[in-house]
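Asker: Quick one: this structure, given as structure tokens, is what I'll be asking you about.
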Amino acid sequence: MSCLFQVKMSDDEEAPLVKKTRIFYGSLEEKERERLGREASGSGKDSVKAGIEAGNINISSGESLELEERVTERQSEVLADFERRKRARQITVSTDDAEVKACLRALREPITLFGEGPAERRERLRNILSVVGPDALKKSKKDDEKSKRSQEECQQTWYHEGPTTLKEARLWLARYSLPRAVKRLEDARAHREIPESTRTVRTQELHKTLRNLNNFCSQIGDDRPISFCQFSPNSKMLVTASWSGLCKLWNVPDCTLVRTLRGHNTHVGAICFHPQATLTLEDSDVNMASCAADGSVKLWSLDSDVPVADIEGHSMRVARVAWHPSGRFLGTTCYDNSWRLWDLEAQEEILHQEGHSKGVHDMQFHPDGSLAATGGLDSFGRIWDLRTGRCVMFLEGHLKEIYSIDFSPNGYHAATGSGDNTCKVWDLRRRKCIYTIPSHQNLVSSVKFQPNNGHFLLTGAYDNTAKVWTHPGWSPLKTLAGHEGKVMGVDMSPDGQLIATCSYDRTFKLWMSE
């Protein structure tokens, strides 16, 4: 018989203690290090040795891996930026904002950015200098000073030492021109004595005649465009120049060919009659002069189709030639930015005149022989006193190249034709432009005053027309339309009966009042 003993425990008796786990507060780093150290000391070396023997770890003697090769581009950029900032901190920049702007301008940088203040501008300058180096500012300042000095030198007046022949020529020109000026003024005073009513009637008749101008003759002059035409002083012949290199003499008004002048090998720019040709000169004398794009200048007689002489000295394109009214001197304009004066009696160049910043295209001599006018591709014209060598008037106002220039017989007006489609009239007494004629719809290639008294002005242009204008007044009288190409040259016969125009369409036309 089993017995069950129940033991009843009283509240005073204690319950048996249960064994609790240890709790660590804080970091286990030290313990973990100890554990790893024991493992490494025990089995680390063995495991490395086992890996080497198994061929899993390959260590060759003498091989090394540079740390720099592992540096990425990003890291190099960061290092470069760090170095740049370090340099920037060492650069001293002025606190004067005007000086900061001057430094930025010298470095070809914008002097200010949108919304930028003086402090930001100063910091931008410091950053730029940290990249280009402080020496760049010194170098740019030196360059600016050098260019400023060179500009000052260019603006200084300088002189060539001229030959004694130039001095003699200037004295000769003064003695030649002063009596002619006196005669011109006497003629002007005599013209003033004519009653105004009589002068008005004469002007009205002239204008009526000009309004009745019509095409009298049209002649094919060459296989290439005709660049220039001029009447002889006796009004009985016309000479034309062509891009084929040929020049031709024609009888007018019947337009029959007299002679073909062969000598140029390229575009002929102009051919002009001596002022006394067909009047007092013999046919065997020098009666004409021509120029071409290869820099050649040739002299011609009326009885031969080959040149009498060559004028050598130009190396670039010679655009125009012009005879002095005396016939002793010849002027040539060149694309080397200069024009030259040749004494044909002494057979030498006496003046090589610079003054234009681009090629010189056209020139004309004053009726008295005292002045020369030049027009250049720099859009400026100049009036030169041949007796002193000085530029006495600067023609400023055209927006494009000046292709033609001419003096009025009255002695105090000049006209210029330009690539800006206008013709300007200048007063030499007041030294300014007195009128701008919006003459054409394309480049104005030629301007010409009536040779006897200058009562009208003729203009030719690349809009295929030539126009006649009153002088003074500058109102249009007649448009000479008929060419199929650009009008490249115009001229009026000294007797006032004919007008000639030559064109890119290879023809020249004669115009006469009915």
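Every residue, even glycine, has its Cβ placed from backbone N, Cα and C.
Got these off TrEMBL a minute ago, pasting:
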DOMAIN    95-147  domain 'Pre-mRNA processing factor 4 (PRP4)-like'
REPEAT    219-260  repeat 'WD'
REPEAT    261-310  repeat 'WD'
REPEAT    311-352  repeat 'WD'
REPEAT    353-394  repeat 'WD'
REPEAT    395-436  repeat 'WD'
REPEAT    437-469  repeat 'WD'
REPEAT    480-514  repeat 'WD'
Asker: Going along the chain, which residues at least six beyond the ends of the repeat 'WD' (353-394) come within the CB cut-off of under 8 Å?
Answerer: 162, 170, 173-174, 176-178, 180-181, 184, 316-317, 319-320, 322-326, 331, 333-341, 400-407, 409, 411, 414, 416, 418, 420, 426, 428, 431
Asker: What counts of helix, strand and coil residues does DSSP assign across the repeat 'WD' (311-352)?
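Answerer: Looking at the repeat 'WD' (311-352) with DSSP, the answer is 0 helix, 24 strand, 18 coil.
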Asker: What is the pLDDT of the repeat 'WD' (353-394) when averaged and given as a whole number?
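Answerer: Residues in the repeat 'WD' (353-394) carry a mean pLDDT of 93 in this prediction.
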Asker: So how many of the residues in the repeat 'WD' (353-394) end up helix, strand or coil by DSSP?
Answerer: 0 helix, 23 strand, 19 coil
Asker: Could you pull out which residues elsewhere in the chain have a CB under 8 Å from any CB of the repeat 'WD' (219-260), counting only those six or more residues past its ends?
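Answerer: Residues packing against the repeat 'WD' (219-260) from afar: 266-273, 275-279, 288, 290, 292, 300, 302, 305, 485-486, 488-495, 497-498, 500-510, 512.
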Asker: Taking a Cβ cut-off under 8 Å, which residues six or more beyond the ends of the repeat 'WD' (480-514) line up next to it in the same chain?
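Answerer: Apart from its flanks, the repeat 'WD' (480-514) reaches 209-210, 212-231, 233-235, 238, 240, 242, 252-253, 255, 442-443, 445-446, 448, 450-452, 458-468.
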